[in-house]
């Protein structure tokens, strides 16, 4: 996936994004990091095809169809009238697959996020973290090549978020998919990503790109001096990005 | 410590139980009290029954005239329910068409509003001039009153879809039809059911008003006609009995629609959920 000189101007004349170049290779975990208003969500919406860029273009290597993309929003975005199983069924259902046909894959996706026994629960019966897991299961059920995540854990408490981060990394290792992750948390981005794209606001643009070398991402890494140093470097990049705006 | 908590908990439970009983007992007591006061006023002031009958006489008339009033109730209920069904089909159908096509909405919504704001009593005489069949005329009148809340509520519901869910459907390449069936209609259900409860009461009002306007023509006459007829004959107790039946029908319709609404929403919608306190 690559973005070449992508810009987006909204109807009100606000430039949300200007001249954004981004290349994401298969299997990479890339974070878009920046303060609110830096166009990171706009970038994600452009990649998802929910908006068309005003300038430049978003292009894909190889063929690209709706099943290749999984999306997780900031809110769980579940249908309250449907059970967990039927919520996860949605992407398959829209492709015309019946529930009995899809059930093994739904069960597998729920198993992966640790909600195997909640297939028949309604979303309101679940906690915030569990709803988010359902949302992730729904994104995984089509076995997409690319998953887009828009601050998925921002509304969760820190304990749940750390757990979700670990689970997300484990899932990524298992599935080998590409992830583009939008966040405003330095710590989260360093912990999760291979590469961090620091963005600056007004107009939204890419300020810096940093790679995060890490041998193993686990509790040990989270408390290591190496991790702290990398967080500091990313924080510095972030304040440079916002400072010169 | 546990002791103290326990007494508090028992007090709470006792209050909860009192409230549960009170919810039924209080309205029942008020109704009984109102009936007794009504009865006493009639007896103490020696009001003749052709001016104001007591509740006892009304109840007697209800039983005595059941041969007339029973079928009349059935006729009115039937008209109201048929009108409600047509209003549901028409209201939901129009709302769906409006949501699929902005042009259709822009063109026809004004007509719906005009129909709604014109009092049915004013339209009804015209309807009975042009429509030969009396039942069809009654249905048409009741439908005009009942369909608008369903149309406007369902329209609102179809537009109140969660933005992110709509995006999700877009990303997964949902067709217009899939979006309507799987996303918009379920989102609109609580709104529709709210409209349905209003429309249920209105369909009864529409049926009664239409009957008044249609007047005394022929067979198969409903409760409103029986009230008119009893009025001409100064049979005041029967007027009251028929009135009581109309009120009972209204309550029945409301209760049934509320039950339907509860059953449809109990698993997921905030309005139907019990909160653990």
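Cβ atoms here come from the backbone N, Cα and C positions, even for glycine.
Note that the structure is a prediction, hence the values are computed from the model and not measured.
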| TrEMBL annotation (transmembrane segment) - matching range among B:56-78, B:79-101 | B:79-101
| note | The residue range that TrEMBL labels transmembrane segment, out of B:21-38, B:165-182, is B:21-38
| task | With the transmembrane segment (B:204-228) as the reference, find which of B:21-38, B:108-131, B:137-158 contributes the most Cβ pairs under 8 Å. | result | B:137-158
| query | Which stretch, B:21-38, B:79-101, B:108-131, B:240-265, tops the Cβ pairs under 8 Å count with the transmembrane segment (B:137-158)? | reply | B:79-101
| request: Report, as numbers and ranges, every residue of the chain located at least six residues beyond the transmembrane segment (B:21-38) whose Cβ falls under 8 Å of a Cβ in that stretch; write 'none' if there are none. | output: 54-55
